[in-house]
């Protein structure tokens, strides 16, 4: 019965994670469209610290879409391991890339399509080899987990790094280095996921009739989640306003997912009881997703389609056949050039004669 229940929860978490990716992927497009409209109006941009986007309905539509996605994501963490839910965020990258090609005129070439396919395959592999996290069913158990020395050290480092990036590095390099704002969002996101897991447990206990509201950890988690999410939204808006969506999305995904996997491994000990093939499968799936995202965005400005493939293959064959073919081609090219030149000279000479020009003789 327990095993059947576990599979049922796993499927619910999987569906919620996939629907979350659809909402979140669409939210990037809506927010970007809103920010572009503000830029055309001459309003102070979010990348410069402006908050005019709060008056733009498209931005609010994107925020509501992201909110719906985060709610679904919130629920997914309550049913499935974070190591499964977080990497499935790659689907939001695919949704964002596809919608960008339609609404933001960002072309999706052959490399991008292959990247989409690889990301889907990598996500499938990760679903198959998803780890089992330690059972944490009460807030007292969650409190014990949060007090673990390993997690305390990790959380302290995250807070210190975030404060340095926000107070020192951000004002100097945030406008030119894409990693600054995205790193702030990503490392703080690892803590927000931990808060979400804890609040999910609190909600389950609340429905079970336990006095959750009297437990101080519930309010600490809620306050921490509010601060983390607010910070993420602020700096993600800045990154989206300054840099291209197709660049922000994959970098954010990779750094955020790595941070969450690290945090989850420390907090819930998800990797301790995994078989070797599942560990290899999980890492292989994650690396496949990263390669797919790299192909999706690294060559986004290269105009390469299936129609160009035969021409590229012919060029490679000519280069592989060596000097003889090159000499033959150059000989033909010289003949063709000489013939064209002769025709041009004859035509010019005839024209000059007709015009009575002495230079023709």
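Cβ coordinates come from backbone N, Cα and C, glycine included.
A TrEMBL annotation is a machine prediction, not a hand-curated record.
Within the set 111-130, 311-330, the record from TrEMBL flags 111-130 under the feature transmembrane segment.
For the transmembrane segment (178-203), the residues of the chain that approach it from at least six positions outside its boundaries are 73-75, 77-78, 82, 86, 136-139, 142, 146, 151, 155, 158, 161-162, 165-166, 169-170, 212, 215, 217-218, 221-222, 224-225, 228-229, 231-232, 235-236, 238-239, 242-243, 247-248, 251-252, 255-256, 258-260, 262-264, 267-268, judged by C-beta separation under 8 angstroms. If you look at the transmembrane segment (111-130), the same-chain residues 6 or more away from its ends with a CB under 8 A from one of its CBs are 10, 14, 80-81, 83-84, 87-88, 90-91, 93-94, 97-98, 277-282, 284-300, 302, 304.
Remote same-chain partners of the transmembrane segment (85-104), defined as residues 6 or more beyond its termini with a Cβ less than 8 Å from a stretch Cβ, comprise 13-14, 17-18, 20-22, 24-26, 28-29, 32-33, 69, 73, 76-77, 112, 116, 119-120, 122-123, 126-127, 193, 245-246, 249-250, 253, 256-257, 260-261, 264, 285-286, 289, 292-293, 296-297.
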